[in-house]
Amino acid sequence: MKKWMAAVFVMMLMLCFGGIENVKAAEPKVYQFDFGSGSMEPGYIGVRASDRYDRSKGYGFQTPENMRDVAASGAGVKSDAVQFLAYGTKSNNTFNVDLPNGLYEVKVTLGNTARASVAAEGVFQVINMTGDGAEDTFQIPVTDGQLNLLVTEGKAGTAFTLSALKIKKLSDQPVTNRTIYVGGDSTVCNYYPLNSSKQAGWGQMLPHYIDKHTFQVRNMASGGQIARGFRNDGQLEAILKYIKPGDYFMLQLGINDTNPKHKESEAEFKEVMRDMIRQVKAKGADVILSTPQGRATDFTSEGIHSSVNRWYRASILALAEEEKTYLIDLNVLSSAYFTSIGPERTLGLYMDGDTLHPNRAGADALARLAVQELKRQGIAGF
């Protein structure tokens, strides 16, 4: 009798866990999806644009009629993709995966795209990935038993495509690790490939100087951004969804805000920045304001680099004092460094023919100066 019961038990286990295509069956710690109509790579679950979400499988597209299989120019999982024909952070045209509640690491591999962002759970997760086959990784807590993700703008009028997803469970607790969120413009944002791009923002290089066992860095900066846009267009919303006590929000804006085409006065800039500071502090997190560095050519005839009157710097200094935030006067710190190395070497830290945007070495130097200043001030965690 005992042997018969044991045999029945084994058969039940086989029925429950036998289906490799059912992501819910064995509740693996890692889920890998290969999107598109091409051949499926080993170790991945193949997903076509027509695959509608099915509770019995535990994955699929919410509205497959708004998806399309497309080719991609890479190899392996990067050889094909799916295109999102409907998009937006609030769109229901999502790829859904049933997951036990907890904290997950999600690696996203795009198909062919000029510039696209990744959204999940109704907010941006990665901003403006560029180039064919671009890859990035982010942490996300799952609290309702399902991850809902899509690829979205990006650059209007271009294709938003997804080649592969790798989802890895980190913890049973649906809370992000301690995080430094970064806001800013093209001198701060990420460029792709992250580990080898010629151009870089200092937010991209920040992890080189941060203890990864203490913090993760989430860079939500984007090229061309102004304070009003960062607050109103979804980037601040994404930060406010997850930021918590013990986290930091590093914010550097002002360069594009001074451009007359944006019709943003210095007074408006200051009040929008103040509003963002207060919203973040209401979540129990700390704010670190940073003043933008100057141009490579801001040298006097005596060889002194100085740009203290650029980019609404005075308003940023005043805000730090009025709102009791931390401050990195990166404008002055970088000028002192540029003066020490001279005009020629300073120019070598910027993109060719461009006196505003740092190259990879320049962004690395700015990130190093920023973290050195935080350590000098004795700010917790640095």
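Every residue gets a Cβ built from N, Cα and C, even glycine.
The active site, nucleophile annotation in Swiss-Prot covers Ser186, and the record cites similarity to another entry as its basis. Annotation source Swiss-Prot lists active site at Asp354, His357, citing similarity to another entry. According to Swiss-Prot, the feature signal peptide maps to 1-25.
Rounded to a whole number, the C-alpha distance linking His357 (active site) with Ser186 (active site, nucleophile) is 7 angstrom. The two recorded residues, Ser186 (active site, nucleophile) and Asp354 (active site), have Cα atoms 13 Å apart.
The residue listed as 'active site, nucleophile' is surrounded by 19 other CB atoms, counting those within 10 A of its CB over all protein chains shown. Counting every protein chain shown, the Cβ of His357 (active site) has 20 other Cβ atoms within 10 Å. Its Cβ taken as reference, Asp354 (active site) is surrounded by 13 other Cβ atoms within 10 Å in the chains shown. Secondary structure at Asp354 (active site), as computed by DSSP, is coil.
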